[in-house]
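Peer 1: The domain 'PROP1-like PPR' feature in TrEMBL is assigned to 174-286. Annotation source TrEMBL lists region 'Disordered' at 60-80. Per TrEMBL, repeat 'PPR' is recorded for 149-183, 219-253, 254-288, 289-323, 324-358, 359-393, 394-428, 498-532.
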């Protein structure tokens with residue numbers, strides 16, 4: 001029996017590169033240990049940044065932005081964790097130079113004994129500065145014994161495209177050819193794929209043309225990619241020209257080639273041409289399947305081409321392709337939305353006959369279509385069929401039915417359906433109750449109207465907000481404004497009312513020409529202690545100006561200013577126009593400046609008014625040039641523009657210059673004779689007022705007030 005072997009004592013574990021551990025340091029933050037699986041990244045301590053000085057607008061120099069552009073974002077350490085040591089050395093050289101190419105970078109790079117094309121590609125793959133990448137690529141190409149390979153060229157193309165320099169990337173084939181490395185189909189495929197992913201159809205065609213110039217014929221796959229990109233971006237004509245080249249090269253179409261063209265022709269509505277391609281597809285023994293036909297129908301439905309949909313459906317039947325549920329649902333939905341609900345219902349019955357499972361969405365589309373078509377009985381029959389099939393109707397089905405019943409004055413049945421939605425816990429919204437509220441209002445059943453409001457409140461509706469939506473909907477048609485006011489008069493007695501409702505009704509009354517009634521609502525609102533907001537005052541300004549009560553309009557404007565708000569653009573325009581009519585030109589021009597300083601996009605008349613004021617410094621000819629520009633923009637000179645001419649000419653030029661402008665407008669039949677006389681009187685009055693103000697200012701400056709007052713003058717008491 002052999003002696004038993006005595007186990008040797010285990011050797012103490014000796015730290016070794018393969019299975020040992022190394023303490024990370026700042027110079028070597030990436031640690032490999034074990035089976036290279038426990039990588040760690042040591043983050044350097046971050047010192048707190050000093051507080052930035054406060055921004056001073058007076059010391060700001062915009063030219064510094066162009067002289068000192070912000071450096072590109074510094075890549076995070078994990079982006080470079082898989083780079084080789086030499087690649088990390090190059091990236092560190094870029095970082096030390098703040099990502100700008102210069103002698104310091106070249107000095108660091110010259111320390112390298114040898115640069116390979118794979119190293120260049122490795123660096124370019126993580127580079128985010130296209131200018132720096134191009135400089136480095138050019139520097140590497142000048143090194144002794146170095147030649148770029150396809151990998152480095154491709155990496156530069158990806159880098160340029162990734163950073164928005166795709167036009168530079170398109171020039172790489174010429175660069176490769178000039179450096180003795182003619183491009184292959186792969187380089188053009190990369191460029192085409194980049195442009196296709198970004199939906200740059202014209203650039204795809206540009207690269208394709210360049211590919212032809214280099215004498216390279218694409219494969220079928222690349223041809224398909226080019227045509228697909230052109231079709232998706234709306235360049236069907238270019239895609240068809242590429243297809244002609246495809247056939248000219250003697251290549252055989254694949255099923256995807258045909259489908260790309262068919263989809264493009266469907267989008268363009270060219271059904272006859274699409275059927276020709278479909279016939280060619282059959283000749284190549286690659287008949288479309290149900291998914292291809294469904295895609296055609298979906299495209300034609302999205303374009304509203306229902307006749308084309310039905311023709312495709314017949315072609316599908318001709319090919320013996322059995323439609324699935326998606327094909328049926330797509331066509332039924334398209335027919336119902338396009339007003340052909342009866343044809344859609346025939347397909348629905350065909351689905352039931354075949355035993356195809358019909359979704360609730362299909363029922364909803366058909367019910368909504370029947371309601372719009374006025375066939376409420378058929379819609380209710382479908383609802384019963386839906387419930388018998390084991391489905392529960394949702395609000396998308398109940399809402400059209402309720403609206404349809406209200407349209408034919410079956411308001412009680414609609415109310416019962418509403419109760420059903422509540423009992424089933426469907427949480428109806430404003431869209432559900434709006435048709436019932438309108439029907440109750442039109443039928444003057446205000447007790448039922450208020451009863452519905454009470455139920456809405458119990459269900460958690462925000463009644464005042466929904467009433468605001470209701471009145472906004474009602475006054476969309478001007479003839480229903482009186483009904484809206486009547487309904488509100490009955491509701492406010494029961495405590496329903498808000499500032500927003502008053503604003504809606506005031507605006508609607510003003511649009512229908514009932515200014516006095518709108519102002520009475522404004523007064524009533526204040527009597528009931530409602531706090532008007534800026535919209536209320538803006539509506540009041542417009543109404544007061546039309547009622548020729550400029551004083552109260554100005555009071556409303558001041559109220560808005562006291563609230564630290566801004567009047568509406570319509571209120572600005574109306575008040576400015578009103579002030580111009582009564583000769584308060586200075587106040588009107590002040591409002592013009594105030595409006596343009598407070599709103600984002602003021603009226604064009606205001607912008608041209610300031611332009612006219614500035615042009616008055618140069619004389620009548622310059623003003624008429626501005627007026628000609630206005631006419632080209634379709635803006636004839638109005639009251640505000642003429643007032644700006646009076647103000648500018650009295651301030652910078654003479655009365656005769658202003659009269660010359662008005663005479664020119666009269667000769668061009670832009671002003672009537674009566675308007676010229678009115679503006680001439682305003683011109684004289686305004687000039688006299690300015691002269692009087694100048695005299696008074698002189699008397700006050702030289703201290704002559706006391707002498708005039710001693711002689712009994714009342715001139716300075718104005």
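Using the three backbone atoms N, Cα and C, a Cβ is placed for every residue, glycine included.
In terms of burial and nearby residues, how do these features look in this structure?
Peer 2: In the domain 'PROP1-like PPR' (174-286), helix, strand and coil residues by DSSP number 83 helix, 0 strand, 30 coil.
The predicted model assigns the repeat 'PPR' (149-183) a mean pLDDT of 90.
Beyond the ends of the repeat 'PPR' (219-253), by six or more residues, the same chain brings 185, 188-189, 192-193, 195-196, 199-202, 204-205, 208, 212, 260-261, 263-265, 267-268, 280-281, 284, 286 to within a C-beta distance below 8 angstroms of the stretch.
Listed as Cβ neighbours of the repeat 'PPR' (254-288) (distance under 8 Å, sequence separation of 6 or more from its ends, same chain) are residues 220, 223-224, 227-228, 230-231, 234, 236, 239-240, 243, 246, 295-296, 299-300, 303, 305, 307-308, 311-312, 315-316, 319, 321.
The list of residues near the repeat 'PPR' (289-323) in space but at least 6 beyond its ends in sequence, with Cβ under 8 angstroms from a Cβ of it, reads 255, 259, 262-263, 266-267, 269, 271, 274-275, 278, 282, 330-331, 333-335, 338, 340, 343.
Sequence-distant neighbours of the repeat 'PPR' (324-358) (same chain, 6+ residues past either end, Cβ-Cβ under 8 Å): 290, 293-294, 297-298, 300-301, 304, 306, 309-310, 313, 316, 365-366, 368-370, 372-373, 375, 378, 389.
Taking Cβ pairs closer than 8 Å, the repeat 'PPR' (359-393) reaches residues 325, 328-329, 332-333, 335-337, 339, 341-342, 344-345, 348, 351, 400-401, 403-405, 408, 410, 424 in its own chain, all 6 or more past its ends.
Within the chain, the repeat 'PPR' (394-428) has long-range Cβ neighbours (under 8 A, six or more residues past its boundaries) at 360, 363-364, 367-368, 371-372, 376, 379-380, 383, 386, 435-436, 438-440, 443, 445, 448, 452, 459.
Applying DSSP to the repeat 'PPR' (498-532) sorts its residues as follows: 26 helix, 0 strand, 9 coil.
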Peer 1: DSSP-wise, what's the residue breakdown of the repeat 'PPR' (359-393) into helix, strand and coil?
Peer 2: 26 helix, 0 strand, 9 coil
Peer 1: Work out, from DSSP, the number of helix, strand and coil residues along the repeat 'PPR' (324-358).
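Peer 2: Tallying H, G and I as helix, E and B as strand, the rest coil: 27 helix, 0 strand, 8 coil.
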Peer 1: In the repeat 'PPR' (289-323), how many residues does DSSP assign to helix, to strand and to coil?
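Peer 2: Within the repeat 'PPR' (289-323) the tally stands at 26 helix, 0 strand, 9 coil.
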